[in-house]
Structures are given as structure tokens and as C-alpha cells.
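Asker: So TrEMBL lists these for the protein:
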| type | residues | note |
| --- | --- | --- |
| DOMAIN | 117-191 | domain 'Cation-transporting P-type ATPase N-terminal' |
| TRANSMEM | 174-192 | transmembrane segment |
| TRANSMEM | 204-222 | transmembrane segment |
| TRANSMEM | 356-377 | transmembrane segment |
| TRANSMEM | 397-427 | transmembrane segment |
| TRANSMEM | 888-906 | transmembrane segment |
| TRANSMEM | 957-982 | transmembrane segment |
| TRANSMEM | 994-1015 | transmembrane segment |
Amino acid sequence: MESFLNESFSGVKSKNSPDESLQRWRDLVGVVKNPKRRFRFTANLSKRSEAEAMKRSNNEKLRVAVLVSKAALQFVHGLALHGVYTVPDEVKEAGFQICADELSSIVEFHDVKKLKIHGDLSGIAEKLSTSLTNGITATEESLKCRQKIYGVNKFTESPLRSFSVFVWEALQDMTLIILIACAFISLIVGVATEGWPKGAHDGLGIVASILLVVFVTATSDYRQSLQFKDLDKEKKKIFIQVTRSGFRQKISIYDILPGDLVHLAIGDQVPADGLFVSGFSLLINESSLTGESEPVSVNTDNPFLLSGTKVQDGTGKMLVTTVGMRSQWGKLMATLSEGGDDETPLQVKLNGVATIIGKIGLVFAVVTFAVLAQGLFMRKFQEGSYLRWSADDALELLEYFAVGVTIVVVAVPEGLPLAVTLSLAFAMKKMMNDRALVRHLAACETMGSSTSICSDKTGTLTTNHMTVVKACICGNIMEINNHEESKAICSQLPDVALKILLESIFTNTGGDVVINQSGKLEILGTPTETALLEFGFLLGGDFQVVRQESKIVKVEPFNSEKKRMGVVLQIPGGGYRAHSKGASEIILAACSKVLDREGIVVQIDDAIASHLKSTIESFANEALRTLCIAYMDIENDFSPTEQIPLDGFTCIGIVGIKDPVRPGVKESVEICRSAGITVRMVTGDNINTAKAIARECGILTDDGVAIEGPDFRNKSLEEMMDLIPRLQVMARSSPMDKHTLVKHLRTMCNEVVAVTGDGTNDAPALHEADIGLAMGIAGTEVAKESADVIILDDNFSTIVTVAKWGRSVYINIQKFVQFQLTVNIVALIVNFSSACLTGQAPLTAVQLLWVNMIMDTLGALALATEPPNDELMKQTPVGRKGNFISNIMWRNILGQSLYQFILIWYLQRQGKELFRLEGPNSDLELNTLIFNSFVFCQVFNEISCREMEKINIFKGILQNYVFAGVLSCTVIFQCIIVQFLGDFASTTPLTLSQWFFCVFIGFLGMPIAAVIKMVPAGSN
């Protein structure tokens, strides 16, 4: 079976599967009992292709609009513009001078003419009653008024499907429809021949069983849909920085209103349509809307910003003009039909299992019906009454047909693919509580097979709470532990050096210092920027004073490719000054001079260079992040279009930043190692810093290799093949180095790779990896969108928790498959062999429907929702080529099936003598005993399936309330069916001793299962 599954159903990957592969397995599955339910959690390929065509059309329209606006721009300048715009009364009364539709048309069509007519940016701001410095006034009344006129920043969502829809879908099962028809005929014939209510028992019994199956199935599916809805809400939670009432604050993307001032940085998603206010080097990727891969430069000449686009480089501030369904992204979303997420490899594989077993079951069902019907015809022929058919004969034939159909119901494990979804939904909900948000269903499943984790250092392995603890300024090495030591440093530094240092810290920064609503100073920015700004304050600097004295001409923001940040200032006395900071080796290599102890600029000779390099190395060996700060006076004129020079700088100093290792990381790395998962650190930091942190975390071992990115990328393919299995630390890596490492691990080493990322440039590696893990706190929106899982607390220990849940999902599905296949095999063989040898089926249609519910919906609920335990992380990972239905599972299935079959067969042959059953009801009593024994075998087998290899199956059973609840409900309903629903379920009440026997032989399956587990199963 496994080879057939691998051959026919292995084309679907955990992510980025081609549509051909997705369509191929659908074609192989062919006819299914209930397509609506079977394919509910799979991608709708026809809708997806429609959406792509619609998106292409919209992209083309928008692209044409942009080109037209660029052409119009050339003619608009210098023209006297006249236009008539009438403000709607409702807008006037609210205190605004422009309506939502007018604003929408300006930005959507890049209408420069309209923008000029309304007075450019300042005119729009005035008409929106907002300030370009302080933003909108954030009183509750004014915000409500603004919402009423301009709408809210939410898109129209498809309504949640009601419970009745799930009931209707559950009723679409082809075999249940046939059984309903059989029940209806049985009801009419029975009432006509035997009267009411006696003649209605069989028909009503089948109807009641079908309704029970339908309502339990619909309830389970409805609960799953609610869980996915909750998770979908979590995925869409995005917070952005705005200025309101003069205060910088973080608000939800849903709370943005026209008039808001939004602050944009690299990796942000533009939250609404708007206009550029100010910024530096702002590049916007509009490919999601226009299809154009080249980024667009946004500035005062081209001020239009569209929602749904991404900030590729630079920083900026925008004025929001249009929100919600009027925005460009909102209009695009309104036209697209959701194609749904790709199905997971496990879902596809289990669809294959269901198909194989379904075909076998169909053959068994047809043969069983043929044998039973042949028996009836033979009896009629022997009696000479084959031409005379009574209502009883018709009912008997109908019952045989119902049994045949019900065998198909039981044989086709429709619940197998859906059990994956149930288990994944349960795991995703629980992982949310453990601070991990799963964006794609398959990631949860794939994480359980991971063999390698490539982790960032900063913020993942470390706390991301940074402070400057050491500095080498003007050649003096100083420790900074408190305010008093900082004062001492100030007294040692020459005034000119201190002034340039503070100017560099406060101007060459991606951070900001604002007054919050409490009236206190608040530092905003990345942890590195925050640490440097705090250092500047400790040195006695004043951020606002320095910024007011400086006129910034150009900013080149930091990114992980360049590993540096630069800014150019216009000096009040004339001339320009460039400041640069970044990776210590890179900036130091760009310096030809240095400030000495007196603050005088001197050339860097060999002795000074050696001193600075040894300082960097000593800081790094103490696990400190090192940054070099430098400046350069530019004598000639400087244009903002020019690049900041790359060399000729004067070194001001080197700072060492402490970022402590997170508590519990070393233990988590050790857990990964015992679980067969290799942890590798990939960082942009200095190699000595990286090695020191890696040793502290337990990542770098004596036989491990640490390498720098430039050395790694220069290796040949053969050298990489030899290096990568031993590689544990990669320092000074670029995003492409990380991408290359992940690619080679997956292709050459055949590993299942999880990779973390937080920056915009990490998107290719996150996309390439089997599981992309984005950081929830430090991660950009671009990184989160490319990821499969978002680690909400940025903690490496959470990644280990995700791996544990992933393994739990995989093992739980294996347990459920083992349980369901056992019931399948026994039910099929018992009914088939009995029909062939005795001419009767011991289990009726109603009884088989109840068994189907035990093994399908209830079984999935019980076994697919087992929480993970620590033992899971002591097993080796499945990897990329592990067999899903393992030899261990086949051993357990066949052993348990053999026991149950022998037991049921013995009861059929010797049951009457064993229980001394006599009289007209002896057959009914025996069949009830067989049915009851069979069900209790499944109850205790369900407990045995909690562990596939271990003898102790009771560990933690009471902690799983779902399992205990399902088991209890099964036993209670079984008692009711046997003792009180005899007419409907073809049962008769049993005595206490008979009940004890049924429970005992069911219980006996557990020690037998324990003995079976001792039999060696061989390799998987």
C-alpha cells in the first residue's frame, strides 16, 4: 500500500505545489461518497484560476492608470488648473471638505490634476481636518464622525456558514442517501404488512441512526470551522505606528482612518491608500497590485501609496486618504474568489488510503449482497415459490441491500482525510496558546518531520533587550554599567569628539524619541537603535536639540545585505557631513583615519589598525555585538540622488552591545539534539560573537564548524557537500547565504528544514524552506507573509514546542489510522465471511452505522486530539522519506484484527452452546452478544491505540478530557442501544453475566495488544 501511495499520491508538497499535482490526485480518487465533505479543506482549483485571471486583469488596469498618470504629470506642471468640485452636504456638516469617493479617485488613478485642484498634500490635509505634524484629533466623538463619513478599514468577509449548512453537507453522502431510500421503502412495506408501529421499527431505526451520524458529523465539522475562523482573525492582526493628537502610538490596522499619519519602515505593508508626506529613499513593491516586479520610488513628485503594497526600502510618513473597500486592495479583494489553502501531503495520502480501502470495501459489499441474495433465491427455488414474492421476502432482500450499502459506509474511511484537518485544527488552536500562530495548515504537519532548524541569533536565541556595556571611543576602552561611569567617560572625551559622536548617534538612526501620552520620553525603534540612543542619553546628549541643529539631506537605511546605515547632513557653516555605522569589520575597512585621545584626526597605521581589530575581537569573544561608528566631511556639493561614499571615513569608535541568551534556550537545543533535529545558527553578527553565543546555547560543539558568509558562498559544490552536514554556525551571512544553505540542506542532504527570519530580505529563505518561521515581534510584515508559522514571542523554545505539536499531529493521525483500519478489516471480513458461510450478516445496517460513527467521527475526536508529551522529542524524526503506515502499525492492525475475527467467528459458531441460548429469540440474543462484544473490542482497542509501541497505555489518559468524554459517551450509548432500543437496533436486553462477558473479552484485547507490541516489527 505504501509504495502505491508514494507512487500515486506523493506529488503534493508541504507548500508551493503545482496545480497539476493537486489535480492529479483528485483524478486518482475518482468517485467519493461525499465530495462536499471530502474536499472541504482542499484548494478550489477552478476558483483559484478564476481569481488569477481576475487579478491579472486588475493589474493591467492599474498599470495603465499609473502610466497615464506619469504622462499627465509632464503636462500638469505650469498649467493653470480649474475644476469644479461640490462637497456633499453630509460631508460639510461633519466638518470636512472632501468626500471618500473623491479621495479614492485621486489615489487610485494617480490623478495629479485632481490633486493639484485640491491644493496638493496640504490642501487635502486641510480638507480632511488633519495636521501634517500632529495627525487627527483622537477624541471618541471625532473618530466616530470620521468613521461615519469615510468608513472603516475592514474588507467585506464571507459570512460564517451556519450549522444547518454542515448538516446539509453531511446528508450529501451518496451511501446515506441510498440508505434513506431503503429506510423509506422499508417503512412503507413494513407498515403496510405489519401495521403501525411494529412494521416501522426497521425503517425508523435506520433513519434514526442516519440522523445521529449526520448530526454528530455536522457538529464536529462546525466546531472545526469556528476554530479556523478564530485562527484567521489572529492572522490578520497587524499593528502600525501612527501620529494622533501629536503623539506617536501603535494601533490596529483596522482602526486607521483618513487623516491619520502613518509611519512606514522597511518590510511594512501599506495599510491603506494615501499620500507621501515625508521620508527618505522610499521604495514600494507594487507587484501584488500591478504585477510589476520593479519597485517604485515614492516621493513628493510621485506621492501615491496604495494599500496592500510593501515597503522594500527606506522610511516614510504617509497621509491616509482611503480605507476599507474603497481602497485599491479592498477593491481587488472584492473581485477575487478565495481558492482556499493547498491540501497537506498527509491529507492527500489519507485520501489515497480511503480510496484503496473504499474500492476493496465496494467489492466486498457487492459480493456480500450477491451471496445473501443468492441464498434467498436458492431457498425460494427449493420451496418452489420463486414466482411468488411476499412483502416479507421483499423486506428481507431490502435488508440485504441495506447491509451491502452499510458495508460501503463502514468500509470507506471518509473520516481519514478529515481526521488530519481535525487534528491540525486542534493543534493550531493549542499552539496559539503556546505563542505560535500557524498560517498554513501543512506547516503544523511538516514541522513534525523536521530534521534541521536554521535559527537567527538576535531575538530568537537571545532576549533582544540590548544595552551598550563597552565602548572604545578615541582609542579609550571603557565599561558602561551605570550613569556615574557614563559621566566619567564624558570627562575623558574631548568636546569635539563627544559632539561628533552624539551627532552620529542621534542623526544616523532608524529610531525616534517621542513624548508619549503620559508626557514621558519614549524611545522607538529596533533594540539595536534603542541601545545606541540610550547610550547617547547616558553621555548627556539631547536628541531634539541635535536633530533641530541638523538638516538631513539623505538617508540610506540599514539592511542585512549592506550591513550598514548612512546619513548625510548639511552643516550650518556650509558643506556636508556623512555618518555611517554598521558591522564593525565593514565600517572599519571603510575608514582611513581615526580620532585620537585628543580628538584630533590621524591616519590609521598598522599599530592603530591592530589595536582596533583586537578590540573588536575581544568584545566579540565576550559575546557582545560590535558596531563601528564613523563620519566623513564632504567638501564638495552633495546631491540627494548621489550614493553615500563607501570609504574615506574617520572612525569615531566601536561599541559593544550586550544581548543576553534567553533562559531555557540551552535546554531547548538539547531537546532538539535528542530528538534528532540539528540546530544551526545563521546570523549577520561577527563570527567571534556568533561562536560565543552558539557555545553558550549549546549549538556549537567540538566537532562542529563555524564559517563566515563570504567564505561559504565561495565554496564549490563538492566542498559544500562536505561542509554542510558539519556546519553549525554561519556568521556575517547575507539573506542569499541563508537561502543557499536552506536549498542545499533540502536538495543535497534531503533534510526537512525549518528556518527563522524577521527581515524583508529573509523572504526568499522563508519561502524556500519546508517550514518558514517568522518572528512576531521583530519580524516585518513581508517576512510574516512569506512564513508558514509566526512565533509570537520570538522565542526559540516556542519553535521546539511547534516541533513537538507537529510530531503529535503525525503520531495522532497514525494512531487513528491504526484504529480505523482495524475496525475496517474486522467489520468487512466478519460480515463477508458470515454471509458466504451462513447466509446471514451478524451486524445489521443500524449496528454498522453505529460502528461507523464510533470509528469515524468519535474515533477521530478521541485519538486525533491527544496532546503532545515529552517522550515525542526522544524519538528520531520521520524525515522526508518515512513510511506513514509503518511496519509497527501493520503489526498492531493485523494482530488485533486476528484476535477480534477469531473471537467473533467463535461466537457465531459456538455462541449458542456457550451461553445456552434456546428458543425463538436465540438468534437475536446471539447477534446482540456479537454486536456488543464487537463494540467493546473497539472501545478497548481505542485505549490500546493511544500508544503504538509502549505497554503503558494509561499514562495521561485522564488529562485528555476529549478522549475520556468520547469513551464515556460511546459506552453509555451502547448500553442504551442494547437495553432500550431493541426494536430499532435489532437487539435484545442482555443479562448481567452476558454484559460482563462482553466487557471482559473487549478488555482482553488490551493484554493481547501488549503482547503483540513485543513482536519485533522490523524497519520502516
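Placed from the backbone N, Cα and C atoms, the Cβ positions cover glycine too.
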Asker: Do the transmembrane segment (994-1015) and the transmembrane segment (888-906) share at least 3 Cβ pairs closer than 8 Å, excluding pairs fewer than 6 residues apart in sequence?
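Answerer: Between the transmembrane segment (994-1015) and the transmembrane segment (888-906), contact is present.
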Asker: Helix, strand, coil: count each for the residues of the domain 'Cation-transporting P-type ATPase N-terminal' (117-191), based on DSSP.
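Answerer: When I sort the residues of the domain 'Cation-transporting P-type ATPase N-terminal' (117-191) into the three classes, I find 46 helix, 2 strand, 27 coil.
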Asker: Which sequence-distant residues neighbour the transmembrane segment (888-906)? Criterion: at least 6 residues beyond either end, Cβ under 8 Å.
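Answerer: Answer is 814, 817-818, 821-822, 825-826, 829-830, 833, 842, 930, 933-934, 937, 941, 944-945, 948-949, 1001, 1005, 1008-1009, 1012-1013, 1015, 1017, 1020.
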Asker: Which whole number is the mean pLDDT over the domain 'Cation-transporting P-type ATPase N-terminal' (117-191)?
Answerer: 84
